[in-house]
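Student: So that we are looking at the same thing, I have put the structure below in structure tokens.
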Amino acid sequence: MYGIEYTTTLIFLILFVLLNYILKSITRVMDYILYRFLLFIVIVTPFVNSQNYGINLPITGSMDTNYQNVSTSKPFLTSTLCLYYPTEAETEIADSSWKDTLSQLFLTKGWPTGSVYLKSYTDIATFSINPQLYCDYNIVLMKYNANAELDMSELAALILNEWLCNPMDITLYYYQQTDEANKWISMGDSCTIKVCPLNTQTLGIGCLTTDTTTFEEVATAEKLAITDVVDGVNYKINVTTATCTIRNCKKLGPRENVAVIQVGGSNILDITADPTTAPQTERMMRVNWKKWWQVFYTIVDYVNQIIQAMSKRSRSLDSAAFYYRI
């Protein structure tokens, strides 16, 4: 009887030792596989071009992230505001500390010191070439000039809307505008644009494709020109390319972190006459002009009401960046 018990105990011991050996062997094999796999990953990773879908987002044509209109009472606590003004304002004020004064006045409206940036520009035409709107909210002051109404309205149309633009090779191709949202935008020191409409046989309608002097001139020596032609018709285009670039652009919608304040003038410029522009006069406003200090006082006093008509954006507009998007 004792022999049977000893034999049973011995069998259990042997099985236990065998099982322990098997488990240790499996553990060593798994460790070997795991370490070799990790080593393989470390070696191969530098040679693999993987995409981070959270960073490399596809281009949709909009430089900005859409947000709803601001509903909080103090969006400025975490936001920046850029105020663009003509240099003649500085000349008239003639005070080296005027910006510090304005900063203190903005502080009374809840805008912390350092959150408001004052940026000057020479004139509307020059500003049109390279508008750079870097802040969460951007307010552009444009002094009314009867001789520059076209420049003012085109600049407003440019910065109050988002555009998706492609380069145009006018030496090789004909171009047509597909719908009312499709425009040709030209920028440069001097832009003269001529067009020749073509029939179905690519022959000029009232012009010769080989003679640019017969083309129809739609813009002359402008710094910013937004050209609108008859949709669905091919055109041969001539542009002063040495001093101007032209892009085929599509209006995507309003750029709601920008407001234009017209300073002076009997009437406010109306860019909503364009059927592709949704009514947005709340971001195209007018203030009376007497002295520039009066203008800035008015802006400070009503800045928060102006902001309520806008939407904060997370990205900036640099015309060089937006203009070369494809």
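Using N, Cα and C of the backbone, Cβ positions are placed for all residues, glycine too.
The shown structure was predicted, so the numbers you read here are calculated from the model rather than taken from an experiment.
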Student: Please identify which of Gln132, Gln177, Gln262 is recorded by Swiss-Prot as part of the Ca(2+) 2 site containing Asp228, Val229, Asp231, Asp301.
Tutor: Gln177
Student: Cys135 has a disulfide partner in Swiss-Prot; which of Cys82, Cys165 is it?
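Tutor: Its disulfide partner, as Swiss-Prot records it, is Cys82.
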Student: Cys165 (disulfide bond) has how many other Cβ neighbours within 10 Å of its own Cβ?
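Tutor: I count 19 other Cβ atoms within 10 Å of it.
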Student: Can you grab the distance from Asp301 (Ca(2+) 2 binding site) over to Cys249 (disulfide bond)? Cα atoms, rounded to a whole Å.
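Tutor: Approximately 37 Å lies between the Cα of Asp301 (Ca(2+) 2 binding site) and that of Cys249 (disulfide bond).
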Student: Please report how many Å separate the Cα atom of Cys165 (disulfide bond) from that of Cys191 (disulfide bond), as a whole number.
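Tutor: Rounded to the nearest whole number, the Cα-Cα distance is 17 Å.
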Student: Going by C-alpha positions, which of the recorded positions (Cys82, Cys196, Glu216, Cys249) is nearest Gln177 (Ca(2+) 2 binding site)?
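Tutor: Among Cys82, Cys196, Glu216, Cys249, Cys249.
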Student: Using a 10 Å radius around each Cβ and counting other Cβ atoms from all shown chains, which of the recorded positions Gln177, Thr214, Asn238 yields the largest count?
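Tutor: Result of the Cβ crowding comparison: Gln177.
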Student: Across all the protein chains here, work out how many other Cβ atoms are within 10 Å of the Cβ of Cys135 (disulfide bond).
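Tutor: Total other Cβ atoms inside 10 Å, all chains included: 22.
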